[in-house]
Amino acid sequence: MEIDKQQHSKDSVFFRDGRRRVDFVLSYVDDKDGERKQERRKVYEANLENVGLELETEDKSESEDGKTSFVKIHAPWEVLATYADVLKIKVPFKVNDIPDNKDTPMNWLSTPFRLPDHIMHPEPDYFTAPFNKSKSDFFLIDNQETFFPPSTRNRIVYYILSRCSYLKDECPDKDKKGIKRLLNNGTYTAAFPLHDSRYWTRSRDPNCESERYNLYKHWARFFCFFKEQPLDLVRKYYGEKIGIYFAWLGFYTEMLFFAAVVGTICFIYGFLTYDDNQWSKEICSEAIGGNIVMCPLCDKKCGYWKLITTCNSSWQSHLFDNVATVFFAIFMGIWVTLFLEFWKRRQARLEYEWDLVDFEEEQQQLQLRPEYETKCSKRKLNRITQEVEWILDRTTSDLMGKCLLCWLTVVLWISLIIACIIGVIAYRLAVYAAFASIMKDSPTAHLQVVGPLITPQLATSVTASCINFVIIMILNLMYEKVAIWITDMEIPKTHLEYENKLTVKMFLFQFVNYYSSCFYVAFFKGKFVGYPGNYIYMFGEWSKLRNEECDPGGCLIELTTQLVIVMTGKQVWGNIQEALVPWLRNWWGSRKARSHPESLYSRWEQDYDLQVFGQLGLFQEYLEMVIQFGFITLFVASFPLAPLLALFNNIIEVRVDSWKLTTQFRRPVAAKAHSIGAWQEILNGMAILSVVTNAFIVAFTSDMIPRLVYMYAYQPDGEMNMKGYINNSLSVFNISEFPEANSPEDGENPFWFNSSITTCRYRDYRYPPGHQKQYTHTMQFWHILAAKLAFIIIMEHVVFLVKFFVAWMIPDVPSDVRARIKRERYLVQEYLHDYEVERLKNQLSQNANDCTCAPMIYPSLPKHEVLSECL
């Protein structure tokens, strides 16, 4: 019977009868290879119906484009109950009557940031237990159609779809099963659960919850940026895995606020002590900096120059290179520990509130990847569960060969990244000479404001950072495919194992990709340059690429420039890519149907036109935030404003992610997760590494230690000030001793240079010409080196002691949560015991009426075992 489109509103999540809910939708388009695909679909859908699912097809003539057919799937109660038992899904059996004593002081202050209670807590708090079909009367089942929420229903249906065969029973090929393979070979074009309404308006169907509309109104709009997140509603609609991500992102953003405040105070301190910067005053003084002639910074193309030309960079460097830098580096080492420890507590609370406490062991084993199951050819007894389970038939040589191939590929790609970074360094070395030659007579030098700022060092640093950023973005496009290919080849057993393996590989790639250039500027640039007459070259003297020097203002300002360009560029590009690309694709894909009414533009067609939130959608979000976390921890001593930039980005990021998930993507299949997984260990590792990197940045990249050694031990007047520091920190070289290969070419020297100038200065601590130890390191050099090493040891030990003490002081699970977990477990056991006793009484009384034989003390209960081959 043909349905009248004008009378039947299709903006609904129910079958045509208005009663059975659409739990999943499959779509397909007939093409030239139609017969084979049609046969697959026929067998697959017949097998789905054999399992118990109910199907309803929307013919292509009913669709907007006239080409796409849709198969709507409904899971009846019997199927849901069976698989809820198999998957050990926790369901409510009693309202939680444990009193909640959370009484926040000054609670009224948070009123502007709160959301309505029905949005924050869409469901009452229940005691829950794993569902058991044979004890269904134990649970709070008021209505079988609404007992399982839509997110649980679509999760169960996807579990079935992933394991159902598309060949007839007589075909023994185990590999021919699962919706993923059918999507890959084009049999179906899409498979997705439905959103429950349009995001900008409630559904007209009173039976639809319209949770998507509530999420958009209270969560996904940018003007809600100051409001709390409705995490319980996010979890109810999208599942625990996505809920945990947004909980972590929100908590990370909250903690960034404190780091941003302290970093801003440190920056303001550098700004307020601007006038007390004695070494910059000396550099900018005509009497001192104007009379100090510096040695050429490159061979042939660089001439002699005066120290006063670095006046501006010296002042800029002081904003970040001051006493507050040391304090902030120590503070961030403690902050990162507090962040990780408090997150563990927050995560433990969410585990309890979202019924994930006992999730890991029993449920992850049941969630085997279909790709793993299809490769299994042997069965083995599990010593722990005493159940026979499928395993891979892998020989030791095959396993070792694949493992070796995988990690060789990882090493190869990491080597490619390092090669690209070396290429950028070679660019810096080659281009600096060109910039130095071109810019000596550049018209920009005469500009009033920006002229003095545009130097060869700045031009080289900015262009190299931009090129490095472009290379990073290009390589990123390839990394993802390589990492997925390697992980697929390993055939991980569970979804959790798959994600953890992929996480490690992708993070290794991204770590080297994003941080290599910063590590070079922080720890290598200016450290191995030699001295005039005996310079060190990158690839040997034949390459003519002399290692870069830091200007007298220090290398810290260059590290700051590199950090700002890569970090800011990544965040801006990431947000544009995340928000703009899906919006443009959806705008283009649905341009014809935008003006159609609900009766013509069905709910499944609306969702079909949206973008796919792929398997790695959440993975990319985590990766983006963890890379940002590395920028604000590993190199934060060079740029105290990094947490502030990250804070602004994350405030936008929360709303961009929620907006695109709610409005631009199909509804993802709900998935459970009790934590952020392997990212937790990665964050812990970066927290420890950040203490080391920041200690080395303060000691070797910053000029803090040389200044303190000078002030306390080498100040000629014995005063506690920095007068004379610049003259003390520069060594002397006799110009007549310059080799021909290092001397400037004719015409490269400035107009003021003449034969009366016989010496030049360079940044080092070496004996002057004529001394019996000329051009060897002075004792001050070794004193400074000893002070740097001592500072690193002291700072690391102090911060690590505080970190471990703080971690020991803060328990991972709050005491009230631990008590509530124990109390709930006790009550669950008590209620189950009472239920079993009452049930046994009823059974015994029935048996007494039926026969006089001895009753069974332990009645046998049916056990549901659903294996992939049964499907």
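Using N, Cα and C of the backbone, Cβ positions are placed for all residues, glycine too.
TrEMBL lists 14-231 with the feature domain 'Anoctamin dimerisation'.
Sequence annotations record features per position, and here TrEMBL assigns domain 'Anoctamin transmembrane' to 234-824.
Residues or ranges marked as transmembrane segment by TrEMBL: 245-272 (among others). If you look at the transmembrane segment (245-272), the same-chain residues 6 or more away from its ends with a CB under 8 A from one of its CBs are 228-229, 231, 234, 318-325, 327-328, 331-332, 335, 338-339, 342-343, 346-347, 350, 618, 621-622, 625, 629, 632, 636, 640-644, 646-647, 650-651, 653-654, 657-658, 676.
Look at TrEMBL and you will find 323-343 (among others) tagged as transmembrane segment. If one looks beyond the transmembrane segment (323-343) by at least 6 residues along the same chain, the residues whose Cβ comes under 8 Å of a Cβ in the stretch are 248, 251-252, 255, 258-259, 262-263, 265-266, 269-270, 632-633, 636-637, 640, 680, 683-684, 686-687, 690-691, 694-695, 697-698, 702, 704, 795, 798-799, 802-803, 806-807, 810, 812.
Summarising the annotation, TrEMBL assigns transmembrane segment to 404-427 (among others).
Annotation comment: TrEMBL describes 458-479 (among others) as transmembrane segment.
Annotation comment: TrEMBL describes 629-652 (among others) as transmembrane segment.
According to TrEMBL, the feature transmembrane segment maps to 682-701 (among others). Proximity of distant same-chain residues to the transmembrane segment (682-701), defined by a Cβ-Cβ separation under 8 Å and at least 6 residues beyond the stretch ends, is recorded for 325-326, 329, 332-333, 336-337, 340, 503, 507, 521-523, 527, 554-556, 559, 626, 629-630, 633-638, 788-789, 791-792, 795-796, 799-800, 803.
Listed by sequence, the residues of this chain that lie at least six past the ends of the transmembrane segment (789-810) yet keep a Cβ under 8 A from its Cβ atoms are 326, 329-330, 333-334, 337-338, 341-342, 345, 687, 691-692, 695-696, 698-699, 705. Residues annotated as transmembrane segment in TrEMBL: 789-810 (among others).
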Within the same chain, where does the transmembrane segment (404-427) have neighbours whose Cβ lies under 8 angstroms from its own Cβ atoms, ignoring anything closer than 6 residues to its ends? I mean 6 or more beyond.
464, 467-468, 471, 475, 479, 482, 486, 489-490, 505, 508-509, 512-513, 516-517, 520, 538-539, 545
